[in-house]
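Undergrad: After the structure tokens below, expect a handful of questions from me.
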Protein chains: 2
Amino acid sequence: MGDAQQITIWQDKVSLARARRDAGLAKVEPKLEGIPDVLPLSSQDLPKSVLTARELEITEKYSVTELLKILREKKISVEEVTRAFLRRAALAQAATNCLTELLWDEAIARAKHLDSLPEPKGAFFGLPISTKEHHGMVGKNIKTSASYAAWVETEHTSNLLYDILYSEGCVFYARTTQPQTIMHLETESNVYGRTVNPYNRDLTPGGSSGGESALVGIRGSILGVGGDIGGSVRCPSAHVGIYGFKPSSKRISVAGQKANMAGKETILSTPGPMTVERDAVELFMKVAIANEPWRLDPSLTAKPWTPYTFTKPLKIAVQWWDGVVQLHPPMRRALEEVAAACRKAGHEVVDWNCESLGHDEAWDIISGLYWPDGGEEVMNLMNSTGEPILPLTKFIIEEQPSVKKMTVPELWDICARRDAYRARYAKAWTATAANGEREVDVILCPPSFGAAAPHEQSRYWGYTSQWNLLDYPAVVFPVTTVDQVKDVKDPNYVPKNEKDRFVYQMYSPEKYVNAPVSLQIVGRRQYDEKVLAALKEIERAMGRP
Amino acid sequence: MGDAQQITIWQDKVSLARARRDAGLAKVEPKLEGIPDVLPLSSQDLPKSVLTARELEITEKYSVTELLKILREKKISVEEVTRAFLRRAALAQAATNCLTELLWDEAIARAKHLDSLPEPKGAFFGLPISTKEHHGMVGKNIKTSASYAAWVETEHTSNLLYDILYSEGCVFYARTTQPQTIMHLETESNVYGRTVNPYNRDLTPGGSSGGESALVGIRGSILGVGGDIGGSVRCPSAHVGIYGFKPSSKRISVAGQKANMAGKETILSTPGPMTVERDAVELFMKVAIANEPWRLDPSLTAKPWTPYTFTKPLKIAVQWWDGVVQLHPPMRRALEEVAAACRKAGHEVVDWNCESLGHDEAWDIISGLYWPDGGEEVMNLMNSTGEPILPLTKFIIEEQPSVKKMTVPELWDICARRDAYRARYAKAWTATAANGEREVDVILCPPSFGAAAPHEQSRYWGYTSQWNLLDYPAVVFPVTTVDQVKDVKDPNYVPKNEKDRFVYQMYSPEKYVNAPVSLQIVGRRQYDEKVLAALKEIERAMGRP
């Protein structure tokens, strides 16, 4: 009977959350028509059969900076832009299940207000920006569940970053899904169900900012905000072929986010932009920092955004694998292609030999740092309503040997291990400048062992979480897609360990039809500006001016 | 019998440590002569009856920057300078008991080496720099006890900051005392005994960097390095009338220091300079950061030292008291004098009304953050040899209501309280710019309720620890000395609480003969450069160009 009651509790909560979501979607006007009953594998062609020509133009023709320009010049109204993105976001929801809420009335009211101003005002004037649900935001009727049944319909106060974006004139119009505990590299929760990849619905859009990636991946948004503590901006961005940036922690504020374990400081998350345009990444960073947010959130680094420019060719270290898990063929090919392009453009390309740097040890440390209470707080939260514990939650809490309920001295021990590991890695980087050589500028590396994984298979975080442990800034950018001809499986490969076997067995090209393949550029801690400068140079080498 | 054995253990350890200290002092050549059997109240006149005229000239005539200039110009040899400071440091030891070790042979060998170089090299070429013992340093025979009997004669690896100072050409020649646990605002340990104030041996030189302050306070050093997590650079600097700077944490590395609770990150200590000269403070910071130490200690903020210049009069907020404990008359007078000078020089002087900002709550938080294990680790360390627990150790561990052995969730709670408090204070500071006013540049405040306290009376940390909790940079500078005529006690004052009563009852002018009185300038977190610029402006207003 206790169980039956509990089931009622979590299911009632889920119904409330979905009712809120559906109420927003029901306002879409005109209604979406032309969505097939059986959705195709790829959602990429859906917009042209559902949206108007004008809506397609507004949502597809412009980059972020171009759209901002015509908005600022009043060549297009904020309301028209907003309505187009609202309808496209609703379509994205139908195709991928990426939304927790469509803010139809609020967004249109905001748009009308902005249109009524005598002068356009703010760096993001009129731009629809989509947001990860648990971040919350200003707004009188904003509730935030962070995808926990227990927190459904919880009031939310304002979020400092979003206050800044809002004061810069943006329009909030769509809030997006995240997985249970916000700690999967996929996006499934009891509250909102599973979000799928807009390029291939049999694949994950990644996570934990997978609602954002699914939405931006079908241009239901062209600039969204995710968050990253183990890959949660970069993994989903990579899986849909968009730009995603994880700055060093404490450049952008997390103040106001709804999350577990308030006060935990063993490992820090950071918000980051997810966008269709390279230049929008840096624009976002500039705007987020421009008004010295450390004057309100004093935990932030008091350091203005200082754009970096390379004056000579880069020294790029390529990480061909991480010493733990081999890359799938398309990821290997992407790395080879970009490294070749960089060499051809005159950059110095060397290997990043990290086998001696213990990326497996790094995982051992960071997975322990995620849950210093052994996961008790989140387990209690989920058990309080009886919501089922999903497989990838069990994976990240129960199946990691380092996760345990620690005493304070045990916590100090693992923090000391973390610090020693960071110092070791920093010294290895600095040592690249030994013997009169130049120091490596950035590491070019995979953001994952491969393209987007089939659902529930995202059980190796090492290619992203490594840089969270080190707190290194890292940006993801699109490179190619899985090629059924080129990216054949090597039948003779002998896996080196259990994790490697799991990843190897996951691959066969036909599972990955249409899947985008992306790469990652990593810089030293707090060299955020340099990483974005390197992105520009590397993309130039790839023929993207 | 167990007790008797234990007593032997700690006493044996103490004998070892003192034998090492005495062996270094025994090398002093020529021997010190002319020290009276009964030491006078003030040690300030001792040098002229013990040292040669040339030694007095070398150690008294020059500021740090002046001495560096003539060393660089080879107008004086490093060896001559080193020998003069070695002998003066030995005298300081005889007068105040401030040394753990005199590095006679090592310093002279180093000096000869520097003299033998074809070209002077390094920002600190030839300068003797004194160091707090638990920081350790490079050197083949360096042992570090951190004043714990248990750690006496423990090997020490190098310290990053000291590696930098060394590579800039300095001479390490004297290591200085710190109190048991390094957590008193005085300087007494079982290993080395009690250090006294060079202006009045009945008073403390402050702590925990009280060996440094006693040494620099009698010019046995003109530049030393202390460390600060609750006032440990500023309190001792203030008590001997020298300059002492606590930068924001993570500007200067602590990597390599010997300390308890490795991995603790609830509240962070920072090294800082203690010196006779204002300009040497900024010089020290520049040198410490010049070579991007974050490339070896990646926990540091990657931010170059960027000198700040005021282009208009300052807005200075004066904290007349902290809402908990009233100031002794000489401290009140110092504040009034400097505030008046600032007003006269054209600066805007306003009040820092912090009664609503809960400085008592801040103490409640930070005292808990110091010992998240309830002090168990350090108690075990002391009990392992049976060394007695000193009264001020009991005060800071056992007598603080917030100190308890925490679980990890309890640790998170107090960290969340800390962060909320910091945010509240930051908002209050930002709010000084409301209604079109200018924002306050710096807070001018006392570094203590009064001058140096009589021994074992330093039981109120609030005037310094407040800025550690907030991680605000703060510099201390000399202002005046206690005046037997002006600084009379108000017999009618009614204490507001128990702490206030304790502090009030401590005062009567005749206890504080000769005692220096200093003030403190505090800036927003990570505005270190601005604080030192404000120091310059405020001293100019005081007639110190």
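Placed from the backbone N, Cα and C atoms, the Cβ positions cover glycine too.
TrEMBL annotations: computationally assigned, not manually curated.
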Undergrad: Going by the substrate site in TrEMBL, where A:S208, A:I229, A:G230, A:G231, A:S232 are listed, which of the candidates A:I164, A:I182, A:I252 is also part of it?
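TA: Candidate listed by TrEMBL for the same site: A:I182.
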Undergrad: Measure from the Cβ of A:S232 (active site, acyl-ester intermediate) and count the other Cβ atoms within 10 Å, all protein chains considered.
TA: 35
Undergrad: Where among the binding-site residues A:I182, A:I229 do you find the Cβ with the fewest other Cβ atoms within 10 Å?
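TA: Among the binding-site residues A:I182, A:I229, the sparsest Cβ neighbourhood within 10 Å belongs to A:I229.
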Undergrad: Using the recorded substrate site (A:I182, A:S208, A:I229, A:G230, A:G231, A:S232) as reference, state which further residues of the same chain have their Cβ within 8 Å of the centre of those residues' Cβ atoms, listed in sequence order.
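TA: Residues close to the substrate site, other than A:I182, A:S208, A:I229, A:G230, A:G231, A:S232: A:M183, A:H184, A:L185, A:G207, A:S209, A:G227, A:D228, A:V233, A:C235, A:S269.
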Undergrad: Using a 10 angstroms cut-off on Cβ to Cβ distances, just flag whichever of A:G230, A:G231 is the loneliest among these binding-site residues.
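TA: Output over binding-site residues A:G230, A:G231: least Cβ neighbours within 10 Å is A:G230.
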Undergrad: In sequence order, which same-chain residues at least six apart have a C-beta under 8 angstroms from A:K132 (active site, charge relay system)?
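TA: In sequence order, the residues whose Cβ lies under 8 Å from that of A:K132 (active site, charge relay system) (at least 6 apart) are A:R175, A:T176, A:Q178, A:S209, A:G211, A:E212, A:G224, A:V225, A:G226, A:G227.
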Undergrad: Could you state, as a whole number of Å, the largest distance between Cα atoms of any two of A:I182, A:S208, A:I229, A:G230, A:G231, A:S232, the listed substrate binders?
TA: 11
Undergrad: Inside 10 Å of the Cβ of A:S208 (active site, charge relay system), count up the other Cβ atoms and send me the figure.
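TA: Cβ-Cβ neighbours of A:S208 (active site, charge relay system) within 10 Å number 32.
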Undergrad: Please classify the secondary structure at A:G231 (substrate binding site) using three-state DSSP.
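TA: A:G231 (substrate binding site) sits in coil per DSSP, no helix or strand.
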Undergrad: For the domain 'Amidase' (A:80-532), would you mind checking the mean pLDDT of the predicted model?
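TA: That region's mean pLDDT is 97.
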Undergrad: About how far apart, in whole Å, are the alpha carbons (Cα) of A:G230 (substrate binding site) and A:S208 (active site, charge relay system)?
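TA: A:G230 (substrate binding site) to A:S208 (active site, charge relay system), Cα-Cα distance: 9 Å.
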Undergrad: Measuring Cα to Cα, tell me the gap between A:I229 (substrate binding site) and A:S208 (active site, charge relay system) in whole angstrom.
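TA: So the Cα of A:S208 (active site, charge relay system) lies 9 Å away from that of A:I229 (substrate binding site).
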